[in-house]
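Q: Quick one: the structure is below, questions incoming.
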Amino acid sequence: MSKQGDYQEEYQRSLKDPEGFWAEQAASLPWYRAPTEILRSDADGVASWFADGEMNTAYMALDHHVEAGRGDQLALIYDSPVTQQQAKYTYLALRDAVATFAGLLRAQGVSKGDRVVIYMPMVPEAVIAMLAVARLGAIHSVVFGGFAANELALRIDDAQPKVLVTASCGIEVDRVIPYKPLVDKALELCSEQPASCIVLQRPECQAELTSGRDLDWAQVIASAEPADCVPVRATDPLYILYTSGTTGKPKGVVRDNGGHAVALCYSMRTVYDMAPGEVFWAASDVGWVVGHSYIVYAPLLAGCTTVLYEGKPVRTPDAAAFWRVVEEHQVKALFAAPTAFRAIRKEDPEAAQLKQHNLDHLQYIFVAGERLDPSTYDWLREHSHKPVIDHWWQTETGWAICANLMGLDPKPSKAGSSSLPVPGYDVRILDDSGLELPAGEQGAIALRLPLPPGCLSTVWGNHERFLAGYLSSYPGHYVSGDGGYRDEEGYVFIMGRTDDVINVAGHRLSTGEMEEILASHGAVAECAVIGVDDQLKGQLPLGLVILKDGAAIEPEALEQELVARIREDIGAIACFQRALVVPRLPKTRSGKILRKLLRQVANGEDYTVPSTIDDPASVDEVAAQLKDLRNE
Ligand code: COA
Ligand code: AMP
């Protein structure tokens, strides 16, 4: 049932003639100077897209639509059940707000290439700040508001921002979270200091401002002069977004301007079937890649209306929250993490609240961020009567690698699969030696270079880490860190990470980072953190610790201290609640902890003890303890 084209034809063309294919996609964007050099690959295979094109992403997302006569159309709808507020911005109003805030940033010394860290809750000012930075040709780095001071400090030190933009507080279901103490603490930990901090005071909590450094947003905006868009090269960075890797130091994924704009516009049409004027809602947070791509940039670049939702799927105030927003704002496509639907289902198993809402405008439900389990998929389809589209992507790619293309050529979906590779992505399933595996066999999922437009161009300040972490495992390929397989029809099934990354409620976290925090406790000799299956959040971290000889601490007391440390250093979103004292950890003879084996044991899966194990008895010991834990 082809809509606008044939999937195979479009997909093959995108791989055979990437330059022709993406030049065509780029032609519909309002460049200042249209690119003539479409693709350049360096010796490592790293692609630069549209290198001689000149543009400004905020111009393409706002001014262009105003100039084209869409100024009165809604650009952004803010819906906040936690404050009982709503606000609506037309393209004209959003453009003006962004231009004025850009003027304020310029007056604070921000110019092209400078970094601005944004640590904000889900308020329109967060979007305004991002677009204002883009307007100046500067580089934003948004830090998720749920991260603790230490995480914020790591990002500030790495990005070295000229200005930090924050708010007095975020609002969770049952409490107000003051941000300013976290910012102050982060800045104490930092060796680099921004010249100024712009603070949005919210009525729920007034922040104390530090004289000489902090500025009250409302006061300084009053005298700001609007700033014009600053032209940038397509390859200049638009933003840095930090994501969890295998070590304690997050990786700053760098996204360019030109490839990003082209890829996101293509995705809005092809993956999401969205046209200008239609309403798109990504129920995520601007601190994550989903928020960057599909709350802020893609809907605006495509001339759609985006919904910015400050609330949860449940408890704000109930499990009808999503359906209320969809009905009220006439959302055509909803995009959320599977966890959100598991939470709704838990509270409203028969979907009685869904049935009380008119969902006629809703045409699609998209999910990503973690595996969509078949039971949630079936529940959602059965009760919503809408197509449920699982699609797979990562912070690094910025848009979907595999999906069912609703705007091009929709195919039947298969539970457990994120469907077919999206045009531009040459997906390969490889064995350890880099050879392609046949259908049905599980291996590492890699993408043959060049990556399409929109994907990361480097790791901020550390190109070596980019090459070593992503491009060195299989020459000529980007390694995704996910394992999986293809079936006979080419459908891709993502089976989970092959590294130390876990997904907790759709949030990407590093077990390696958690291990570093646990290991810094005086009583801990050694530890491992693994992801164990959880019915609601997909995975939860579990710490396994070995005590130092002579450590005089009860296991329960140690657990409490370790839980508090992770909460303090990473934040409550790590959902680290359990640390189990074990006598030994199963290791190879060379001393490597067998984390995969531990994961299988903890999840009650079948496992084979590898022949390289040092002491087979250590597995039985830990298995007995983990069995007790599962039965608790
Ligand atoms: N600022 C501060 N704290 C935050 C926060 C934020 N932005 N977001 C979450 N937290 C805190 C929560 O208050 C909670 O604290 P607690 O342990 O003191 O209760 C903790 O972090 C865990 O939060 P969360 O994972 O959201 O759990 P929850 O039990 O409050 O809610 C769900 C469960 C399923 C409703 C929620 O996880 C959810 O909405 N998941 C979908 C997430 C999502 O959209 N991910 C997609 C990213 S693409
Ligand atoms: P993030 O970078 O936070 O978007 O997380 C990316 C990771 O989330 C991927 O590498 C996968 O492990 C996981 N993920 C994202 N989408 C899916 C999906 N549709 N199915 C399975 N896993 C997914």
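Positions of Cβ are set from backbone N, Cα and C atoms, glycine also.
Per TrEMBL, the feature domain 'Acetyl-coenzyme A synthetase N-terminal' maps to 7-61. The feature domain 'AMP-dependent synthetase/ligase' is assigned by TrEMBL to 68-448. Residues annotated as domain 'AMP-binding enzyme C-terminal' in TrEMBL: 513-592.
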Q: Using DSSP, tally how many residues of the domain 'AMP-binding enzyme C-terminal' (513-592) sit in helix, strand and coil.
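A: So the counts come to 25 helix, 27 strand, 28 coil.
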Q: Give me the DSSP three-state residue breakdown of the domain 'Acetyl-coenzyme A synthetase N-terminal' (7-61), ordered helix, strand, coil.
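A: Its residues divide into 24 helix, 9 strand, 22 coil.
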Q: In the predicted model, what is the mean pLDDT computed over the domain 'Acetyl-coenzyme A synthetase N-terminal' (7-61)?
A: 98
